[in-house]
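Pulled from Swiss-Prot:
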REPEAT    84-116  repeat 'HAT 2'
REPEAT    152-183  repeat 'HAT 4'
REPEAT    185-216  repeat 'HAT 5'
REPEAT    218-253  repeat 'HAT 6'
REPEAT    255-289  repeat 'HAT 7'
REPEAT    333-367  repeat 'HAT 9'
REPEAT    415-446  repeat 'HAT 11'
REPEAT    448-480  repeat 'HAT 12'
REPEAT    482-516  repeat 'HAT 13'
REPEAT    518-549  repeat 'HAT 14'
REPEAT    567-608  repeat 'HAT 15'
REPEAT    610-643  repeat 'HAT 16'
Amino acid sequence: MTSEAPRVKNKNPAPIQISAEQLLREAVERQDVAFVPPKINITDLEELQEFQGRKRKEFEDAIRRNRLAMGHWMRYGQWELDQKEFARARSVFERALDVDSTYIPLWLKYIECEMKNRNINHARNLFDRAVTQLPRVDKLWYKYVYMEEMLGNITGCRQVFERWLKWEPDENCWMSYIRMERRYHENERARGIYERFVVVHPEVTNWLRWARFEEECGNAANVRQVYLAAIDALGQEFLNERFFIAFAKFEIRQKEYERARTIFKYAIDFMPRSKSMELYKEYTHFEKQFGDHLGVESTVLDKRRLQYEKLLKDSPYDYDTWLDLLKLEESAGDINTIRETYEKAIAKVPEVVEKNAWRRYVYIWLNYCLFEEIDVKDVDRARKVYQEALKLIPHKKFTFAKLWLMYAMFELRQRKIDVARKTLGRALGMCPKPKLFRGYIEFEDAIKQFDRCRILYEKWILYDPEACAPWLGYAALETKLGDSDRARALYNLAVNQPILETPELVWKAYIDFEFEEMEYGKARSIYQQLLRTAPHVKVWISFANFEIAHLEDDDEEPPNEEVASPTAVVRARNVFENALAHLRQQGLKEERVVLLEAWKQFEAMHGTEDTRKHVSSLMPQVVKKRRRLEDGSFEEYLDYLFPDTATDQGDKMRKMLELSRKWKEEMAKKKLEA
């Protein structure tokens, strides 16, 4: 089949059979012209007032037709806000709340509008009304406390949390309150919340959270009191092996081995054996490490140490063995021995300057840094280890983003943000890798420095404009910040790039963005732009699904929520028809079959009997054909014979298939009669 459709001189219909071309031509000629709303130019105040009155009448009519459609109310209120008619906007939202005060998006939209216009007291009053009427809706409470915290009103934030806790919400609320107090280093308040928390939700997990909190605060006596209080409060019915294992491991970390042994023995006597298999395993492991037979255990450790040292003598650059030896020494707990082992391990610098040969070696450095920071709590020594590791790596050949990022996060934990920034900036200057860009951006995003995030995204795009990750990440950041125009501009720049690694991801994200913004016309334009550059059958099908998935303002209202709008169905059907015409013109048979199958499913859900028959009439017949190969042999293959194939050979093939089908039906009837 040629790439272009043959030019038909005689456009009159055939006396017997009507061609597909004639059907399409008549369909186009009879097609109604789409309504294009006139462009309005407002020149004076009187015209503006007349326009506003007309729009208000349209909104009021839409509300009268379906007063329960909250989308009309929200669009009405938003329009009034766009006109700077704040009193009218509030009136619209209040009327909507009178209709349905349980519709959460309406409350959020109302509050968001007040916050955007910096009417904080109005927003606070609305939150009070919302949580009073809907105290079981957690989203309203979360938004409320988030607003108060962002405003710096920590006292008000606590008051909101206390109001919320009176309703005894789920665990996430309590943990959010605790995390808020910990962010402001109010550990005593957090401790008081935990005391109330375990009364309302006395699960083992919550007691363990409290114990972990006390351990992080560095008060071992309080941790023990929490565990003992949990034993008294929960009793045998609710305690499990995980609780006792956590208690014992805490005592092990405190080097209180006799206490840990007592806990294990008590738990074994307390818990039934069927529910304490992991407890027995941990106790056995504990006794092997810290049991009474210290000589035996020491012999076992020495034996394993000798085995590792022998292996390292034969293969001094076997870094997996070094890691096993270091793990063994860390389990022994001798800090000086552990340091000596680390120094011996890092002295074995790989002889080959290749990244794969350095990977496991760098892990030794990372473990060394974590050991000094976490186990020994020697911050200065940990910093020195990080710096020595960075000096050693040949950055001109390769680098390890994980090391740079861990060092930056280490400095952040020490509250040296400038040093962390300089470290990451130095890393990007020496070796700009995507992982470093991503880590640096996450670092700035974590401390809410969004302008710096923008600068980093711009540098990333300049460095690698063909990569999709910086474009998508930048646009997602602007979307998160609520700047839709900047996000849209970024997506537009991305799709217009001459070369992209995976452009389909950018197109999909762009379309999803416009769909979430309810800018359906812009999303449609993006689909049309994509089809001009990549007219793939999947894009056509996605375009049709998009048309049926949304309801525009001028669309005909569906009879119920389960049925699509007739106007949307017509739009989607037009997309399928255009796609079929394009694929027919390009001579893409398999793609036409895929499209027709999707169209058939669409008509099965949204079409009528006539439209289903029409699509079925377009389905091809599968025929077997033979073709000659280069070596002179033949092979069979499947081909598609479409009803609109305008060739003599196709007509003969269809007639032959029709005769074959009739013969089979006659033979089947004869068998039944016999």
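Each residue, glycine too, has its Cβ placed from N, Cα and C.
The DSSP breakdown of the repeat 'HAT 14' (518-549) into helical (H, G, I), extended (E, B) and coil residues amounts to 27 helix, 0 strand, 5 coil.
Fewer than three CB pairs closer than 8 A are found between the repeat 'HAT 14' (518-549) and the repeat 'HAT 12' (448-480), and contact between the two stretches is not assigned (pairs 6 or more residues apart). Mean pLDDT across the repeat 'HAT 16' (610-643) comes to 74 in this model. Listed as Cβ neighbours of the repeat 'HAT 2' (84-116) (distance under 8 Å, sequence separation of 6 or more from its ends, same chain) are residues 67-68, 70, 73-74, 76-78, 122-123, 126-127, 130, 133-134, 137, 139-140, 143, 147. For the repeat 'HAT 13' (482-516), the number of residues in each DSSP class (helix H, G, I; strand E, B; coil) is 26 helix, 0 strand, 9 coil.
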